[in-house]
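Annotated in TrEMBL:
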type	residues	note
REGION	1-27	region 'Hydrophobic'
DOMAIN	33-91	domain '4Fe-4S'
BINDING	CYS50, CYS53, CYS58, CYS74	[4Fe-4S] cluster 1 binding site
DOMAIN	107-136	domain '4Fe-4S ferredoxin-type'
BINDING	CYS116, CYS119, CYS122, CYS156	[4Fe-4S] cluster 2 binding site
BINDING	CYS126, CYS146, CYS149, CYS152	[4Fe-4S] cluster 3 binding site
DOMAIN	137-166	domain '4Fe-4S ferredoxin-type'
Amino acid sequence: MWMSILIAVGALVLLAMVFGALLGYASERFRVEGNPLVDQIDALLPQTQCGQCGFPGCRPYAQSIVDGDAINKCPPGGESTIQALADLLDVEPQPLDAEHGEEHPRRVAVIREDECIGCTKCIQACPVDAILGAARHMHTVIESECTGCDLCVDPCPVDCIDMVELATDIHSWRWDRPDASPMTGQVIASDRSTEARA
């Protein structure tokens, strides 16, 4: 009896090893290589997954840009993202397409927890899983994960979600892109002090 069990277990282990090796070989042999330009564009997009551009997320929009779509459909990214995309693709930057929304300072969702009925509709709508809660219990937003996409606001049946601008701090400051300066290459005082120490 024990011998037949050992033979059966051994046969299953052998089959698992053979099929595992076949799957490993097939994954290497039939790998589909992606376009590296899509990866570069996707890295420049803000990853809000908000759908304001007309695509279900940032990666499909990146693929669409590679296929020739306009680079100015991302309100959360704003002018700085449009400029970065234009630099990468070596095209002229275009103003933000107002049809897709307008640029605004970074915002996060805030749930008024005492009014929340725990319906979970906001949890289902959030594309980045930034909302915690359970059925019939209050929900809360993880501020560091919230992308400010607004997708949780409309499904809320009791209208207890507000979009609040983040206070300006070192992490949310919107630094302007430096202008091209005719003084490029000139030494500044801090460089001189570094050279003197060397």
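Every residue, even glycine, has its Cβ placed from backbone N, Cα and C.
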Chain-internal residues, separated by at least six, CB under 8 A from CYS119 ([4Fe-4S] cluster 2 binding site): ALA135, CYS156, PRO157, VAL158
Distant-in-sequence neighbours of the domain '4Fe-4S ferredoxin-type' (137-166), which means Cβ under 8 A and at least six residues beyond its ends: 46-52, 76, 104-131, 172
By Cα-Cα distance, the member of binding-site residues CYS116, CYS122, CYS126, CYS146, CYS149 nearest CYS53 ([4Fe-4S] cluster 1 binding site): CYS149
Candidates CYS116, CYS126, CYS149, CYS152 (binding-site residues) - the one closest to CYS50 ([4Fe-4S] cluster 1 binding site) by CA: CYS149
Residues flanking the [4Fe-4S] cluster 3 site, with Cβ no more than 8 Å from the Cβ centroid of CYS126, CYS146, CYS149, CYS152 and excluding those residues themselves: ALA109, CYS122, ALA125, PRO127, VAL128, ALA130, ILE131, VAL141, THR147, GLY148, ASP150, LEU151
Residues of the domain '4Fe-4S ferredoxin-type' (137-166) by DSSP state, where helix covers H, G and I: 0 helix, 7 strand, 23 coil
Segment confidence, the domain '4Fe-4S' (33-91), expressed as mean pLDDT: 92
Spatial neighbours of CYS152 ([4Fe-4S] cluster 3 binding site) that are distant in sequence (at least 6 apart) but have CB under 8 A: ALA109, CYS122, ALA125, CYS126, ILE131, ILE161
Neighbours of CYS50, CYS53, CYS58, CYS74 excl. site residues, C-beta within 8 Å of centre, [4Fe-4S] cluster 1: LEU45, PRO46, THR48, GLN49, GLY51, GLN52, PHE55, GLY57, TYR61, LYS73, PRO75, PRO76, GLY77
Listed in sequence order, residues not in CYS116, CYS119, CYS122, CYS156 with Cβ within 8 Å of the centre of the [4Fe-4S] cluster 2 site Cβ atoms: ILE111, ILE117, GLY118, THR120, LYS121, ILE123, GLY133, HIS139, CYS152, PRO155, PRO157, VAL158, CYS160, ILE161
